[in-house]
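Some features that TrEMBL has for this protein:
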- ASP19, PHE20, ASN21, ARG35, HIS58, LEU59, GLY60, ARG61, ARG117, ARG150: substrate binding site (BINDING)
- ARG35, ARG117, ARG150: (2R)-3-phosphoglycerate binding site (BINDING)
- LYS202, GLY293, GLU324, GLY353, GLY354, ASP355, SER356: ATP binding site (BINDING)
Amino acid sequence: MKTIDDYNFDGKKALIRVDFNVPLDSDFNVTDTSRIEAAKPTILKVLEDGGSAILMSHLGRPKGKVNPDMSLSHICETVSEIIGVQVKFAGNCVGKVADDAVAELKSGEVLLLENLRFHAEEEAGDTSFAEALAKHGDIYINDAFGTAHRAHASTTIVAQFFPGNKCFGYLLAKEIKAIEKVMQTGEKPVTAILGGAKVSSKITIIENILDKVDNLIIGGGMTYTFVKAKGGSVGDSICEDDKMDLALDILKQAEAKGVKVHIPVDVLAADAFDNNANTQFVDVDKIPDGWQGLDAGPKTLENFKEVILNSKTILWNGPVGVFEMENFAQGTIAIGNYIDEATQKGAFSLVGGGDSVAAVKQFGFEDKVSYVSTGGGAMLESLEGRTLPGIAAILD
Ligand code: AMP
């Protein structure tokens, strides 16, 4: 796997695909700078070698049209502050404006190109557009894990114009290694904790990881499809009746593969999907009509705790309750605490995919787990066992 450490950028122009798709407030201030900070080491390596950096990214969903609200010019000052270099800005990512700005760029300088998605060709993966981008650099670096699952012009197609001169940035390399550590080289016992709303959105992940884990903890809304399939009463809990056969099949596959599946035994049930609803702890298979399970119960959490504390490698994807409501967040917080404890004891813990990162950030677990993935969809696709096009294009 080639990373930027295999290159010396002295006198070279590095074309870097970053993920600067950051949240902005109504005054266009960046409200979360983590994605910019995540790209900083890669940019600094290029500059410290004596090269110059041309940064390209998308911001929002302008759908192929110029939209001043989604201009990357809004973030130029924030990027400058974080990188510690005054970043120049080109009002277009291709064409004369961009070409001229690139031509003037000197060693040690950084140029930020305007939003790639102002051109429909970006998401279409257009080859001529990719070639126009490729003209800007001597070496292509992909450091945008968040878009590595998209075969867009700047994430994938552009790489073909850099045979022998393309590599992963530090961030993308770190993401790839973290996934490998869980899915291939993880120390046993390996435990996956899968929560979230629906079996249907996690099924491919479950099928893929059954070959790689020793324990599978199932929590959250998915629980009830499994419980009902096994003959339990789940009351008004979220349940996918058409996925019950699938749930039984997963349990059978797990047994055949020697994977221990841990499902909640008790839950915090509520009489409405509301933070202020009446609640009671009930056995997971005896939820009365009119009640729905919205969080894990104490016996369940004790069981999960034991499994997690005995694990050496932990993957966490999806909350075990409706964590957005304070009264149903305790289970998810407890899981975070157990993973924290296991990590302190030496386990490797990876959190990522979909909403998991939001939960982790909200409860302050970010610095307590070994690695928090920066890519929601890209992480989910990796866990499903798919080769991401943006990664394949570099390895090519
Ligand atoms: P996902 O994006 O699939 O990881 O799902 C995350 C969502 O699952 C969160 O918004 C949670 O509120 C929701 N969720 C977790 N547990 C439950 C539950 N018992 N009932 C309904 N939704 C749930």
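Cβ coordinates are placed from backbone N, Cα and C, and glycine is handled just like the others.
TrEMBL labels come from automatic prediction, so no person has curated them.
Shown here: features listed in TrEMBL, placed on the structure.
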residue : record                               : DSSP (3 states)
ASP19   : substrate binding site               : coil
ARG35   : (2R)-3-phosphoglycerate binding site : helix
HIS58   : substrate binding site               : coil
ARG150  : (2R)-3-phosphoglycerate binding site : coil
GLU324  : ATP binding site                     : coil
GLY353  : ATP binding site                     : coil
Quiz item: Hey, what's the widest CA-to-CA gap across LYS202, GLY293, GLU324, GLY353, GLY354, ASP355, SER356, the ATP contacts in the record, in Å?
Solution: 23
Practice problem: May I have the list of same-chain residues other than ARG35, ARG117, ARG150 whose Cβ is within 8 Å of the Cβ centroid of the recorded (2R)-3-phosphoglycerate site, in sequence order? | Solution: ASP19, ASN21, SER57, HIS58, LEU59, LEU116, ALA144, GLY146, THR147, HIS152, THR155
Quiz item: Do any of the binding-site residues ASP19, ASN21, ARG117 touch ligand 1, in the sense that the CB is under 6 Å from one of its atoms?
Solution: none
Quiz item: Rounded to an integer, what is the Cα-Cα distance in Å between GLY60 (substrate binding site) and ARG35 ((2R)-3-phosphoglycerate binding site)?
Solution: 14
Exercise. Between the Cα atoms of GLY293 (ATP binding site) and ARG35 ((2R)-3-phosphoglycerate binding site), find the distance and write it as a whole number of Å.
Key: 35
Quiz prompt | Span of ARG35, ARG117, ARG150 around (2R)-3-phosphoglycerate - largest C-alpha separation, Å | solution = 18
Self-check item: LYS202 (ATP binding site) in three-state DSSP notation
Solution: helix
Quiz item: Counting every protein chain present, what is the number of Cβ atoms, excluding its own, within 10 Å of the Cβ of SER356 (ATP binding site)?
Solution: 26
Quiz prompt | Helix, strand or coil at ARG117 (substrate binding site) [DSSP, three-state] | solution = helix
Quiz item: Taking the residues ASP19, PHE20, ASN21, ARG35, HIS58, LEU59, GLY60, ARG61, ARG117, ARG150 listed for substrate, what is the greatest CA to CA distance in Å, to the nearest whole number?
Solution: 18
